[in-house]
Amino acid sequence: MSAPTSRHLYGRLLGYVKPHWRMFALSIVGLILTAATEPMLPALFKPLLDEGFVAKDQDFIRWVPLLLLGLFVLRGVASFISTYSMAWVGSRLVMDLRAAMFDKLMALPTRYFDQNPSGQLIAQLAFNVTQVTQSATSSLTTLVRDTVTVLGLLGYLVWLNWRLTLIVFALVPLTLWVVRVASKRLRGLSRKAQENIGDLTQVVDEAVGGHRVVKLYGGETYEQARFHRAANLARQFEMKRVAANAVYEPVIQFIAAIALAIIVFIAAGQASANTTTVGGFVAFFMAMLLLFAPLKRLTAVNDQLQRGLAASETIFALLDQDAERDTGTREPAHIEGRLAFRDVGLTYPGKQTPALARISLDIAPGETVALVGASGSGKTTLANLVPRFYDPDAGRIELDGVDIRDVKLQSLRGHIALVSQDVVLFNDTLAHNIAYGSKREASPDEIRAACVAAHAWDFIQAMPDGLDTLIGENGMRLSGGQRQRIAIARAILKNAPILILDEATSALDSESERHVQAALETLMQNRTTLVIAHRLSTIERANRIVVLEGGRIVETGAHADLLAKQGRYAQLHALQFSQ
């Protein structure tokens, strides 16, 4: 797939500006007025010299200061209007793009997050969007204002002496060729620089998020080396971009200087031959000099523009991702919780070996089924199919006899609760973490009842602010067992008929595990439960144990029956309890 053109990217960016067209139009008017005052300055000096200093017209000289003041007042007002209006549009553009990106992230399937590092996504939201703003607003300010300025000055030069001005136009094709070559180079370098910023963000995100592991295992030097490598790589690409731009700008300016030198030489000859006035010569020369500043800005804006367009490529690549497919039409208000897997198979993208193969399993309402197997056997993958984090490649999954693909995603997931060892808590109060999402309007009494059932009320009461206690990023102010019980309270409050427990009691001390296990027993009552556990002692009381190996079911039965079979489960059990 070919890369989008600059015109296409800029057109899409301007589409986000369209809702704010009034402020945008106001800024354009201000820019045009500001630019229009530029050629007025040399135009004022021609009659000043010819009429005031040569012809000694005192009446005209007295008007010149007033005209100059009026000119700069007009320029100042127009500049304020354009600057403020464009900044307003730019800030709205940043907000709208970030909102669109975040909304898209919330709608993307799980596989997208599995395939894209969080650091890259954070960099796109935080860094790339501001780069795009430079492209859509700041660059546009320069392009409009300075293009109008250049056109105005060129028009004035044509009016003064069209023959001399033709020299300027003769060098335009060469200038455009240089701009085209530089644009391609700058876009590629800007794209690489932004990718490196994403890598840098990823290193920081991992090192900060895993700071305890880093410190405990003495990984500081390794992480510092990773960061320095990423930072140096980002610096190298940035310097390549700067070097390309540093070469490109002087080349453009040298071309302009050639034109200026030729014009000055010819104009000086005309002045000595009395074919032009002093005022005409000074005005022409002054207008030529005034061309330098906007031309320099126009050549420099290409670097800024290409950085923004390179950033917009990554942003629109995200926005163009297909949202999670929701093929369902049914919204069952109540379900019994009967699950059935019918010849289910799944192969992850880019993998040759299937993660699951021909899985057939019936689970009765209220039954607790434990999924057991070595790492990579397919336990978590199988559980992830129930809420449709992934869809199977083959076969189907039924809920109360209905293919889950026929149930709306929101409705399906509304009937499922999840508690895992990787508890996700938000930097908010305990109450808001428990009454989360669809349960946001739960009453204090309902929240308290869920906390009591989860064996969490005692430690919550001991906190200074109770349920209003802020728990920090991912619940960092809570112990591991407390975090688990908050997650269980959240699941109890949801009161979903299907429950998935993914390693919910691993990595806990004995006291915490006792509390969590008691809370889980309360949670599992009258619910269809899938339990994933490496610690076989935690699932001995399951109604049924399903043993997976290589993505296939190799054994199924109760704990005692499977031990008596002396099969794969007995081997896993013996191996674990011999350690």
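Note: Cβ is positioned from N, Cα and C throughout, glycine not excepted.
Note that this is a predicted model, so its numbers are computed, not measured.
According to Swiss-Prot, the protein has these features:
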TRANSMEM  24-44  transmembrane segment
DOMAIN    25-307  domain 'ABC transmembrane type-1'
TRANSMEM  63-83  transmembrane segment
TRANSMEM  150-170  transmembrane segment
TRANSMEM  251-271  transmembrane segment
TRANSMEM  275-295  transmembrane segment
DOMAIN    339-575  domain 'ABC transporter'
BINDING   G373, A374, S375, G376, S377, G378, K379, T380  ATP binding site
The one of S375, S377, T380 whose CB sees the fewest other CB atoms within 10 Å, among these binding-site residues
S375
If you count Cβ pairs under 8 Å, which stretch among 24-44, 63-83, 150-170 touches the transmembrane segment (275-295) the most?
150-170
Contact call for the transmembrane segment (24-44) against the transmembrane segment (251-271), three or more Cβ pairs under 8 Å
no
Indicate the candidate from G376, G378 with the smallest number of other Cβ atoms within 10 Å of its Cβ, considering only these binding-site residues.
G376
Lowest local Cβ density among G373, A374, which the record lists as binding-site residues, within 10 Å:
A374
Reduced DSSP state (H/G/I helix, E/B strand, rest coil) at G373 (ATP binding site) is coil
I want the residues beyond G373, A374, S375, G376, S377, G378, K379, T380 whose C-beta is within 8 angstroms of the mean position of the ATP site's C-beta atoms, in chain order.
T381, L548, E549
So what's the mean pLDDT when you look at the domain 'ABC transporter' (339-575)?
88
Relative to the Cβ position of K379 (ATP binding site), how many further Cβ atoms are located within 10 Å?
24
Per DSSP, to which secondary structure element type does G378 (ATP binding site) belong, with helix, strand and coil as the options?
coil
